[in-house]
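Here's the structure we're looking at; comments come further down.
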Amino acid sequence: MKTWKREILGREFIVEHGKVAKQANGAVVARIGDTTVLATAVMSDSAVEGIDFVPLTVEFQERFYAAGKIPGGFIKREGKPSEMAILSARTIDRPIRPLFPKHLRNEVQVVVTVISTDSVNTPDIVGVFAASLALNISDIPFNGIVAAVRVGLVDGKIVLFPTEDQLQKSLLDIVVAGTEDTITMVEGEAKEVSESQMLQALLKAHDAIKQIIDFEKEILSYFNIEKAQIAEKTLPEEIEKEFSQLLDGNELRERLLIQGKKARSNALSEYFKKIYEILEARYGTEKIEELSVLLKDKYEEALKYKMRRIIVEEGTRLDMRKPKDIRPITCETGLLPRVHGSALFTRGETQSLGIVTLGAPMDEQIIDSLLEEGTKRFMLHYNFPPFSTGEVKPLRGPSRREIGHGHLAERALKFVLPDEDRFPYTIRIVSEILESNGSSSMATVCSGSLALMDAGVPISKHVAGVAMGLILEKDSQIVLTDILGAEDHWGDMDFKVAGTRDGITAFQMDCKVSGVSADLLERALNQAKEARLYVLEKLYETISKPRDTLSKYAPVIKVISIDPSKVAEIIGPGGKIIKALIKDYDVKISVDDLTGKVSVIGGNEEKVDAAIEQINSILKEISVGDVFSGKVTRIEPFGVFVEISPGKVGLLHQSKLITDLKTVKIGETMRVKVSNIDNLGRLQLEEFSDSPDHKHGEKRSFKRHRKNDN
């Protein structure tokens with residue numbers, strides 16, 4: 001076993017190799033502080049036939065024992081990955097995926113298992129570091145060293161590896177990953193930071209990444225690694241030459257510039273089919289079928305090259321826009337009659353239907369994960385059905401991509417939400433992607449912002465998002481605004497920025513190339529700001545402020561604060577009182593016994609108000625001389641017991657009765673006055689009458705209102 005240690009940026013990094021998981025192609029145990037992960041990398045012996053991508057899978061396993069916890073719920077064992085585990089897996093996947101050879105077709109699985117956590121150093125950061133080492137010490141073809149760092153902005157200063165307390169005060173919470181040469185991945189949220197602040201954070205993060213990579217280089221120098229030789233399949237020279245000759249550059253250009261995603265896609269498919277059939281006729285169906293994946297790859301390369309040259313040489317994009325142009329935008333609100341808020345945002349051929357649902361405090365998402373416990377009052381769920389891209393696929397649960405896109409949009413919007421004291425509702429946004437041709441996550445931000453205002457949620461301002469792209473060639477560097485799906489696929493960078501008029505609230509970047517300079521990043525950020533401000537104007541033109549009232553179909557929620565020591569009075573023995581209130585007034589009641597906050601929820605404001613009035617009555621301090629209309633609950637030879645308010649019963653002694661005890665019935669209503677409260681809080685009552693002629697002890701009998709009297 002070999003161990004390496006180094007202090008970097010005030011954190012101790014420790015790496016162990018050769019002790020555990022020796023059957024994997026590569027394995028390390030990496031530790032920062034007390035957060036420890038085991039990262040393994042394994043590659044299959046044979047290639048997967050008939051695919052045109054690198055079959056990489058990254059799994060992030062949370063083990064509750066790492067935090068000294070036992071999983072909650074009925075089954076005391078970890079099940080399917082939590083949302084945070086999926087997001088952490090994506091954080092590791094995105095910076096390492098571009099570093100595999102494009103021709104690799106052997107399955108590769110990277111598994112990062114959290115085996116200890118100190119709740120200070122987040123496991124995803126350690127996971128990127130460990131995965132990079134596991135791949136580099138293995139024989140798996142992998143070209144690069146990566147590392148990641150979390151960045152905060154506290155009191156105007158950039159903080160690397162911020163603690164949980166610092167993040168609570170931080171204006172920025174981003175994860176930055178990269179190689180020694182460039183930043184390759186960014187993901188995070190902000191509280192309206194400026195473009196210059198974001199750029200400084202990225203540059204400071206890259207300096208830290210270089211220090212971590214230097215430590216990785218020291219570790220890797222110990223190994224004499226011989227990478228597996230994966231033969232790259234190529235087309236026979238004769239067929240490749242003929243295929244290139246059959247590709248007419250002008251026709252390819254004309255087909256690429258056909259307007260409309262579907263029409264363009266069909267035209268390009270037809271052109272490939274035409275060339276394919278010519279080759280089939282010349283070389284035979286069997287031979288060409290064997291080479292079909294390679295031919296598709298070659299065609300894809302030609303399309304990528306041609307699209308990029310059109311942009312560079314002609315300054316025109318596939319939909320005839322200039323680099324800074326934004327596609328036509330339309331916005332609508334209030335589309336659906338019964339939902340609490342709705343909006344349709346359409347930008348070119350990308351369309352998101354945003355729906356807001358308002359719920360009670362008990363509708364909050366319960367979180368019981370490795371690092372977090374508690375509840376979450378704002379949720380955004382992103383759905384990407386196959387029809388949005390004109391495809392047929394099985395409908396299953398949400399994909400990792402859907403979870404990741406929803407999380408990004410949620411982070412973009414949460415900063416503008418009102419606090420719970422001002423707006424005590426649980427808020428859920430669902431984004432239905434109805435059509436997609438690039439930047440559907442940023443369309444989700446826009447539809448979500450519109451739908452929140454349509455629902456009457458008092459958000460402070462609109463939030464909009466835009467996706468940027470990059471074409472990086474030797475002769476030019478072109479930043480593209482509001483990218484199409486093809487520009488994302490064949491371009492060099494996907495750069496998403498969301499925010500308000502006053503700053504950035506969410507940020508995501510994936511870069512496929514090295515050599516992205518600070519100047520280029522600054523240019524992209526400033527161009528994104530121009531685009532964001534333009535989109536925001538469209539949102540404000542549609543709905544400029546939240547509606548004054550909530551939907552009539554939204555629940556009514558009213559909150560009162562009581563002395564926490566009196567919570568038991570509302571609950572009652574065995575929950576008797578609160579159950580009666582819920583039943584009698586047709587409401588839901590949520591009580592926080594720590595803060596004394598009581599939320600009353602119902603479909604009818606009058607019933608909610610009546611329930612609150614009754615709660616106030618229950619909590620009212622009872623004094624000698626107070627008069628109540630109470631219900632007889634028990635009769636004894638010495639007197640009767642009368643409930644004057646829920647849970648508060650006093651003794652009405654027979655000597656204090658005006659009425660003959662023999663005529664009193666259980667359930668009837670009596671007017672009583674509090675005559676005494678002893679030192680144990682017990683109530684003594686006397687029957688009360690407005691008439692001065694009625695005296696206690698003078699027995700009289702008369703018909704009085706009783707429960708169920710006819």
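A Cβ is built for glycine as well, from the same backbone N, Cα and C atoms used for every other residue.
The Mg(2+) binding site annotation in Swiss-Prot covers Asp488, Asp494. The domain 'KH' annotation in Swiss-Prot covers 555-615. Sequence annotations record features per position, and here Swiss-Prot assigns domain 'S1 motif' to 625-688. Feature annotation from Swiss-Prot assigns region 'Disordered' to 688-710. Residues or ranges marked as compositional bias 'Basic and acidic residues' by Swiss-Prot: 691-700. If you look up Swiss-Prot, you'll see 701-710 marked as compositional bias 'Basic residues'.
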**Surrounding CB atoms that lie within 10 Å of the CB of Asp488 (Mg(2+) binding site), all protein chains** = 18
**Asked** Taking the Cβ of Asp494 (Mg(2+) binding site) as reference, which residues of that chain separated by at least 6 in sequence fall under 8 Å from it?
**Response** Ala467, Met468, Gly469, Ile483, Asp488, Gln508, Met509, Asp510
**Request:** Take the domain 'KH' (555-615) and count its residues per DSSP category (helix H/G/I, strand E/B, coil), listing them in that order.
**Result:** 32 helix, 17 strand, 12 coil
**Residue counts (helix, strand, coil, in that order) that DSSP gives for the domain 'S1 motif' (625-688)** = 6 helix, 38 strand, 20 coil
